[in-house]
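Asker: Have a look at this one before I ask anything.
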Amino acid sequence: MNTISPVVIEPRHGGEHHSVNVKYGIIIFAISVIHILFFLLVKFIEINRWKSNGRFNKSLWKLNNTPTWMLITLWILIIFFIGGANITEFSEEYITIAKRYGRIAYCLLPLNIYLILRPTNCVYLKPGYYLENLSLHKWLSRLISICTLIHAIGYFYKWNKEGKILIKSFRFLNFLGIVVFVMFAVLIIVSIRILRRKYYSLFYIIHNITAWSMVVLIIFHARPGVTIFGIICLILMCYQLLYLRFYKSYPVNNLKIVDIPMSTLQIIKIPKPSNFPTWLPGSHVRLNYTTSNIKSWINSSHPFTIANIPEDGVNYLSLVIKKPGNFIIDQYLTYLLTGPYISIDYPFYNSANLINIICGGSGISFGLPILNHYKSLNSNIPIKLIWCVRNRNDCFIMNQLDMTNVEVFITSAGDSSSDEQSPSSSSYQPVPLFVVDDEQDESHAKVEQTQGEEEVDGLLNQDENGIPLQSMKKESFPKKEEGEDEEKSSKDVFKYGRPKFDEVFAIDDPTLNPNYNDSWVIACGPDQLIEDAKYWSQEKGYRFFSEKYEM
């Protein structure tokens, strides 16, 4: 009698191998939670200690600002070892590795979304200083893309080897994964720096569609399921997109635009919402279109630093912005405003004993409120602010903001060589200030025309003919008295060339012996300006802080 051997039917996903990778996803998520809690705790301790003893703690600050390359290297090592754990024969278990990297990619999403959360006016928690997290978010996104790519390559190889690549690709649940993979491939291309900067709106749309698609579609695509991680991601994304937009935003209208034709800058005055909280100097807000405007959903909100301080007692927020920009403000539209968002750790304002600030172009909106804050306190702390512009017409903003004691450099080679071209020059024509609003009491200024010089990166890379600066007050634009030497007046207002840090930031009081642990250099502007200021601050032993608005 023939005995029929029982046929063992292997489960579709490989029996125990079907769920073998679940624990590795949980491990990645657990490490992500540890990462979040660790830096939350470090930031909280740093702020509290700094506040309580009035001393900047270098060790805690370094720990809180661990270099991105170091964190990403650590994550690469973690992913590499977890991705290859218990794999003995790559040629036989490559599909297990492919599955594992797909799960790793998805389980990293909660951390990556957390890094871009923007709670407003949150002084004790790491997300309150969300700008500190953006670099890590970018690189972690790239790491997730690589894990996704490994997952896709593994499966395409397997299906091609079996001769079923088309059949398997168009099975519904598999097809969902392919859709996400294609989106990631496109996102990687438009994320290339030159393309991202040129087509930022396109990049932003693809970025958001890819993010939402991955979170939602992979919930159905992944087997075993990743529902719990998907729910966490959706909660975080809904907070960012919906809660901040509908419950923590302020509708603003009747904006006032102060401008002159030849300037590269303009001032936007936004009526301060009645319940808008007090903000720290250097804080910024974000503007977006209202929810009824399609642009609100497909374009990013835009950050602008508040150039005035609460102590000014005015009922509006002043923004200094560069024109033309990707976000053109129309005074007749209503916008949604969120914020304020903090930039510098708030104990800085109670502990610094010497501050040197250098700003380029619209970066004046970051340095100026810090200067004016200390002036409002009648503080004896030595503080200097240097403002560098290429276009002399940009100085019209001095009639709109309190820029007393701001020292100004005109770095344009054209202006420098013409020294100069004074108001008495035959090429000089007065350019009246115009205000796009109904107010009649705005100041008027006469400023000189240039040949359309634009502010560019490398603002300070001009000839090193730096001239020691002198203070520049709002009164530096006086109405000319009859018989006044106009050429001399013009030269007194501006200095030309590149500022020499050793000269402009020289300590005026020879008896002053500053505590370098709480002495600061602050820079805001183009990359080259920031790099120069950082190098000088390190040479002198100062603490350094910089502000960039680019992604």
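Every residue, even glycine, has its Cβ placed from backbone N, Cα and C.
Dumping what Swiss-Prot says about this protein:
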type	residues	note
COMPBIAS	472-492	compositional bias 'Basic and acidic residues'
DOMAIN	102-217	domain 'Ferric oxidoreductase'
DOMAIN	247-369	domain 'FAD-binding FR-type'
REGION	440-492	region 'Disordered'
TRANSMEM	25-45	transmembrane segment
TRANSMEM	67-87	transmembrane segment
TRANSMEM	100-117	transmembrane segment
TRANSMEM	138-155	transmembrane segment
TRANSMEM	172-192	transmembrane segment
TRANSMEM	199-221	transmembrane segment
TRANSMEM	225-247	transmembrane segment
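What's the neighbourhood like for these features in this structure?
Answerer: Confidence over the domain 'FAD-binding FR-type' (247-369), given as mean pLDDT on the 0 to 100 scale, stands at 90.
Long-range neighbours of the transmembrane segment (67-87) within the same chain, counting only residues 6 or more positions beyond its ends whose Cβ lies under 8 Å from a Cβ of the stretch, are 24, 27-28, 31, 93, 96-97, 100-101, 104, 135-136, 139-140, 143, 147, 150.
Using a Cβ-Cβ cut-off under 8 Å and counting only residues 6 or more beyond its ends in the same chain, the transmembrane segment (225-247) has close neighbours at 25, 29, 103, 106-107, 109-110, 113-114, 116-118, 120, 211-212, 215-216, 218-219, 288, 291, 296, 336, 338.
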